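Swiss-Prot has this to say about the protein:
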type	residues	note
TRANSMEM	18-38	transmembrane segment
CARBOHYD	N300	N-linked glycosylation site
BINDING	C447	heme binding site
CARBOHYD	N451	N-linked glycosylation site
Amino acid sequence: MAVLPQVDLGHLANRDTAFVIVGAFFAWVFVVNPIYLLYFHPLSKFPGPKFWAVTRWGVSLAIISGKSHDIILDLHKKYGPILRIAPDELAFQSVSAWNDIGGHRKPGQPEMTKEPIFNEAFKDNLLGVTTREDHSRMRRILSRGFSAATFQKQEPLLKGYVDLLLSELRKRCEGGQKLIDIQTWYSFTAFDIIGDLTFGESFGSLDSGGHHPWASLIFETTRFVILANCLKRINRAFLPVLLFITPKGFGRRLKENQQLTDAKIAKRRALGASRPDYMTAMLGNDEKGAKLSDTEITSNCTALILGGAETISSALSGTTYYLTKNPEAMAKVIEEVRSAFSSEDEITLTGTGHLKYLNAVITESLRMFPPFAGASPRQVPRGGATIAGEFIPAGTSVGIWHWSMARCPDFFTHANEFHPERWLDDPRFDNDKKDASQPFAVGPRNCIGMNLTYVELRLILARLFWNFDIKLDKSCDNWVDDMVEYFGWEKIPLMVSLTPRS
């Protein structure tokens with residue numbers, strides 16, 4: 001009689017259990033969870049791409065592409081003003097949403113805090129600090145460096161750097177015969193000014209005609225931080241991927257950059273509160289006696305330079321681009337500047353504040369080309385909130401993409417056209433919802449440097465238009481369309497000819 005083979009029933013049971021577990025996992029990931037997210041999740045009533053509703057990969061890939069601003073605008077056109085861009089995130093294209101999300105709150109009323117993972121890299125500075133109390137403390141201390149009285153004290157410093165910029169442009173333009181990448185020179189100027197106001201010394205970019213390694217690394221770091229944030233918001237398990245895509249020597253350069261930052265801060269701190277700059281503000285107390293920690297000082301220095309320099313250089317470049325693309329507007333602003341002053345010495349912070357058309361040009365440029373085109377997501381607090389007339393459950397990430405607001409034809413007549421007159425009570429634009437454009441955000445967490453930005457832009461542009469006639473090279477006709485954006489524009493050359501005023 002044949003002997004039957006022995007069967008390890010325990011092994012079969014274990015194998016069957018494994019198959020069940022694996023099968024259940026795949027059923028959950030690819031069937032059950034997507035069905036729940038699409039049809040039963042609290043956000044399922046809001047429209048958007050189905051793939052984006054079941055995974056964060058959709059919006060993450062859009063951000064990584066550098067074209068998320070265009071993609072989100074197109075999706076709003078297709079799906080409407082409230083757009084589901086991830087399983088737990090909504091994007092709004094609504095004027096009232098600005099205040100619903102970021103506006104001032106009554107005492108005891110919870111605010112919508114910065115989304116913690118997105119802002120993790122900025123948790124120790126004004127850009128991303130989470131709690132209302134810490135933000136208020138930082139803001140009170142830093143605001144002294146951005147007061148009108150401080151601007152007046154800073155004017156000689158600003159004037160010196162504008163003098164240097166104009167001198168370098170005059171030397172290099174060869175009477176209008178040689179093309180100049182003016183956005184690079186704007187960047188040099190912005191970094192030198194913000195470096196001086198933060199560290200007590202410039203980066204030397206205008207003198208050397210090149211970016212300091214510190215500034216160069218800022219550009220590289222920004223893209224890396226955005227990529228890391230996208231992976232973290234999908235799942236932190238993806239973070240090891242960064243090890244394989246990190247540029248060679250990046251970690252070493254980051255360490256060297258931190259050492260340089262520490263050295264610059266130590267050198268500036270040794271001078272004490274001796275200059276009308278940001279460090280003087282950061283070394284002080286608020287009215288309650290609160291201070292910034294050493295970590296917060298270091299982090300805010302980096303944030304001020306990143307936010308300040310990039311905002312100024314982007315705004316200068318965008319304004320120059322749109323004026324050179326619109327000769328009638330350029331002629332008007334040049335006429336205003338050159339007729340308002342009898343000599344260049346009269347072009348001051350106070351004097352340029354009265355240039356109505358120049359101010360309208362700057363405001364329109366910031367609408368057309370906001371320095372930050374994307375969204376800085378907030379988190380709906382416990383109990384939920386009403387945004388744009390819709391109840392949004394607690395824990396939802398919400399945001400407004402600057403680009404999608406500024407380019408929306410529901411808010412602006414000829415939304416994709418450059419018309420400074422829309423800010424000067426021109427009846428053609430009476431139906432514009434001008435509050436839709438908020439390049440510096442709204443509420444208690446709006447950009448602390450907004451007024452400084454306007455001050456610098458007016459001074460630099462007025463003196464540039466006083467001294468030069470400017471013409472855009474044809475190679476840059478599609479300058480804005482050719483760029484990508486990662487928490488700020490990754491700018492490409494803006495080639496112009498500068499002809500000294502005769």
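Placement of Cβ uses the backbone N, Cα and C atoms for every residue, glycine included.
Annotated features taken from Swiss-Prot, shown on the structure.
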| residue | record | CB count, 10 Å |
| --- | --- | --- |
| N300 | N-linked glycosylation site | 26 |
| C447 | heme binding site | 21 |
| N451 | N-linked glycosylation site | 14 |
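Between the CA atoms of N451 (N-linked glycosylation site) and N300 (N-linked glycosylation site) there is a gap of 18 Å.
C447 (heme binding site) sits 13 Å from N300 (N-linked glycosylation site), taking the CA atoms of both as reference points.
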